[in-house]
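Notes follow the structure.
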Amino acid sequence: TMFVNKHSRTFIFKRLPRNYRQFTSSSTEDYDLVVIGGGSGGLACAKAASQLQKKVAVLDFVTPSTQGTTWGLGGTCVNVGCIPKKLMHHASLLGDAIRDSKAYGWNVPDEVQSDWTTLSTAVQNHVKSLNWGHRVQLRDKNVEYINGLGSFKDPHTVRVKESNGTERLLKTRNAVIAVGVRPYVPSQIPGAVEYGATSDDLFWLKKTPGKTLLIGASYIALECGGFLNGLGFDTSIMVRSRPLKQFDQQMAELVAESMESKGTRFLRKCVPVSIEKDSRGRLVVKYEDLTNRQTKEEVFDTVMFATGRHAVTNNLNLEALGIEVDQTTQKVFGGHSDDHERTSVANIYAIGDILHNRPELTPVAIKAGQLLADRLFGGSQVQMDYNMIPTTVFTPLEYGVVGISEEKAVSCHGEENIEVYHAFYTPLEFAVPRRDASHCYIKAICFGDRILGLHLIGPNAGEVIQGFAVALRCGATWSGLSGSVGIHPTTAEEVVKLHITKRSGADPTVTGC
Amino acid sequence: ANLSTALLRKAHHPHYPAVNINYNIQRHVATAEKKFECFNIQDAKDFQTRVIESPVPVIVDFHATWCGPCKLLGPRLEAIISNKEGQVSLAKVDVDENVEIAMEYLVESLPTVIGFKNGRKINKFIGLQEDDAIDSFVEKLIH
């Protein structure tokens, strides 16, 4: 039942047990901003706007996955992305560390096993504490939170349908679409939707994944396959063409090889044909080897699709408003009227994964959201800079990168104008347990003194690349980088020690101290 | 099951590793007389009736299933309050099930324990505490 009387002027209102709302000061039903989507971008934008004394509401709702998984406030990153992924990646690295520790004199058993239930419970508990933390933050920053599915009635009215069925209309001056994307499962493959899990489900699996097949060649497939293998599960990754197609291909190949050397099986140039359940409840996957057109069959406990992430915008009613979306991905076009995030409707913006042709990364969404709030309400003119965004693929041997790939550099400037400095190096700590370091590699792609791209495969690549990304953003040049003194002994110092060019043909293996 | 076996069961539950069971409590409670009220709050109406309108002071334990320190604090609270001969009750609020109540009382970190008397918030502590700190908190509420 509604309780807001539009004739009420000033009141402070507390109502239980339904949604806790507190309206302060001269209250009309008008919002300055309604954000649809409570993920990395949506929450950041809402909180920033509220800090500027604006009346803000954030809508968040999780439509259950194909396997029925659902989660709390915080979006993909918190619940089914970055956070659980990184924790599980770390869990699998700890397995390596335990094995290495023997060489360092620790008394550990020959065989160590990981327990999925203990791990997933610990990860889920942390995620739930973050859900709670976000609820508290929204309250602290005076942002109204509504657990409901939003859609547009008109450019200034958002309809929200709450989980209990009640509907509200929110009149707002501005709106931000921050609904993100969800895993795409190819429904034309028999059994895919019925039996296939996705990253939406993996971190919340009640039972142990067991022998797992990941279908896809994205960083999601590789990261998940990587930690599952590291945790001791029989892991296969089915790749239609090449792994990590969006990344520098030399680095992608090294990453895949490093995973293969750790026991992950790649089924290259294969595509799934069908998935069925056998009498014991296991999944029978029929697949085709594209090289010889042979159909093969294998049984797995878990099949996870990582075949792309698509926008789910059909329920937002964007078409009626004339908000343009990309026909293939359904993502929202920004860039109207010289604003990167403005849609084709003047008071409606899009940030985060839902925004067409921008990196699908949490820090990108957060920064874009904050800058947008500043432009809307803080008088700022600063646009989001989508260039030189660093990122890291958290495969067991991590791949950190800032800038463009070698292929892109060559196509933009011509091979004769590009200089690539590279090195194969061995992290010091690998030496004692005699760990395979043959995939630890760095390259800097330069155009004259300009650094176009820096790529690094090695332990803690994410931590290493962050600092260099700042340097590049501040205009660090090749001579500046190579003139810097390293910290010893680290793997990061190998970046400033780069000196062998691909062009020279010399052996790029780092020797000695 | 009577209260003593419930306490014993909790003491040996893997989630409650640090609890030492005081067998004096067990004998005390085995007289089949309910020594204190301990209940889980279901909703706002429940909170209103059993906490706000309670004739005796109520200690409210705001906790969550995902909160480690909460699982350690729970049994300590129960053990201490059970020794107060019914002068104070214990209400448990799972913040995920009762978000609005937690928001209303500005609960942020967990566990948060708030003492209520005559419908008003009297005192509060946050985080896992030692037994004597809990005891003096409870005593302060009662008197």
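Cβ atoms here come from the backbone N, Cα and C positions, even for glycine.
Automatic, uncurated: that is what TrEMBL annotation is.
According to TrEMBL, the active site, proton acceptor annotation covers A:His488. Marked as FAD binding site by TrEMBL: A:Lys86, A:Gly150, A:Asp353. Annotation comment: TrEMBL describes A:Gly216, A:Ala217, A:Ser218, A:Tyr219, A:Ile220, A:Ala221, A:Leu222, A:Glu223, A:Gly308 as NAD(+) binding site. The feature disulfide bond is assigned by TrEMBL to A:Cys77-A:Cys82. According to TrEMBL, the feature domain 'FAD/NAD(P)-binding' maps to A:31-369. If you look up TrEMBL, you'll see A:389-497 marked as domain 'Pyridine nucleotide-disulphide oxidoreductase dimerisation'.
When the Cα of A:Gly150 (FAD binding site) is compared against those of the recorded positions A:Ser218, A:Leu222, A:Gly308, A:His488, the shortest separation belongs to A:Gly308. For the recorded site, A:Gly308 (NAD(+) binding site), the DSSP three-state label reads coil.
Across the domain 'Pyridine nucleotide-disulphide oxidoreductase dimerisation' (A:389-497), the DSSP tally of helix, strand and coil residues reads 37 helix, 32 strand, 40 coil.
Here A:Cys77 (disulfide bond) is positioned 11 angstrom away from A:Asp353 (FAD binding site), judged by their C-alpha atoms. In this view, the densest Cβ surroundings among the recorded positions A:Cys77, A:Cys82, A:Ile220, A:Leu222 belong to A:Leu222, judged by other Cβ atoms lying within 10 Å.
Mapped onto three states, the DSSP output places A:Cys77 (disulfide bond) in helix. Between the CA atoms of A:Ile220 (NAD(+) binding site) and A:Cys82 (disulfide bond) there is a gap of 10 Å. Of all residue pairs in the FAD-binding list (A:Lys86, A:Gly150, A:Asp353), the one with the greatest Cα separation is 30 Å apart. Neighbouring residues of the recorded NAD(+) site, listed in sequence order and excluding A:Gly216, A:Ala217, A:Ser218, A:Tyr219, A:Ile220, A:Ala221, A:Leu222, A:Glu223, A:Gly308, comprise A:Leu214, A:Cys224, A:Pro243, A:Leu244, A:Ala306 (Cβ within 8 Å of the Cβ centroid).
The residue listed as 'active site, proton acceptor' sits 30 Å from A:Cys82 (disulfide bond), counting Cα to Cα.
Sorting the binding-site residues A:Gly216, A:Gly308 by the number of other Cβ atoms within 10 Å puts A:Gly216 first. Annotated pair A:Ser218 (NAD(+) binding site) and A:Lys86 (FAD binding site), C-alpha to C-alpha distance, rounded: 16 Å. Just so you know, the Cβ of A:Ser218 (NAD(+) binding site) picks up 21 other Cβ atoms within 10 Å once every protein chain is counted. The Cβ of A:Lys86 (FAD binding site) lies under 8 Å from the Cβ of A:Phe394, each of these being in the same chain and 6 or more residues away along the sequence.
Geometry remark: A:Cys82 (disulfide bond) versus A:Gly216 (NAD(+) binding site), CA distance 18 Å. Across the structure, A:Leu222 (NAD(+) binding site) and A:Cys77 (disulfide bond) are spaced 17 Å apart at their Cα atoms.
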